[in-house]
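Taken from Swiss-Prot as is:
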BINDING   9-33  NAD(+) binding site
BINDING   137  substrate binding site
ACT_SITE  150  active site, proton acceptor
């Protein structure tokens, strides 16, 4: 999908990987970029706008744990530009001791945002199709013993996204659903993991993860923008150590008819 002239909504767009992706997107002649975030960083929004004055950048204070905030924020986008062409769900935290907050932000909020946006993008309703990219993690594909709650939330994102990425939904709506799984990236999410393990004693098995090789957020952000452009329904992409790879998950069970 060419991004030129498109309207993009980026949830959690001021995070490290997300912000790098936003900078990349601003060089693609978007019609508009809506940045939804709980953080308020006017200088960051200003810097985005300066990349390409022709693309209108909007900032919305956004609480992904509040369904009314989700509904009103997306309705505001429609009132301003009529159509959403791409939605990126990028909000996320790593704080295993707070199970409810982890699930509410990483999974439930993402689900609610997707379910609210999809009918607005549906080509058979008032939309014109497009793409939804849900940011999971490589830890949504493989277990992570020291961060079991975070891992569970990201496994949920993968399962939810793969389900909505079924051809049945794409043929009906014209909206591709893509899963993007960053590997370990040099961001505060990874750097602060030491105090956020599932249990205090999980640190014993978490130190290797905390000291493993990472990639730069600029590289991961560029990969994310590429995944948006590819608009490959049902695809799962891993961004790891500078390489973007499409992966095919194993099939362990299929219904018998």
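Just so you know, glycine gets a Cβ as well, placed from its N, Cα and C.
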Cα-Cα distance linking residue 137 (substrate binding site) and residue 33 (NAD(+) binding site), given in Å to the nearest integer: 24
Spatial neighbours, same chain, of residue 25 (NAD(+) binding site) - Cβ under 8 Å, 6+ residues apart: 3, 8, 10, 33, 225, 228
Listed in sequence order, residues with CB under 8 A of residue 29 (NAD(+) binding site) and six or more positions away: 3, 4, 5, 52, 54, 55
Residues satisfying Cβ distance under 8 Å from residue 21 (NAD(+) binding site), sequence separation of at least 6: 10, 13, 88, 90, 221, 222, 224, 225, 228
Residue 150 (active site, proton acceptor) and residue 9 (NAD(+) binding site), distance between Cα atoms, whole Å: 24
Distance, the residue listed as 'active site, proton acceptor' to residue 17 (NAD(+) binding site) (CA atoms, angstrom): 18
Rounded distance in angstrom between the Cα atoms of residue 137 (substrate binding site) and residue 150 (active site, proton acceptor): 10
Cβ neighbour count (within 10 Å, all chains shown) around residue 9 (NAD(+) binding site): 29
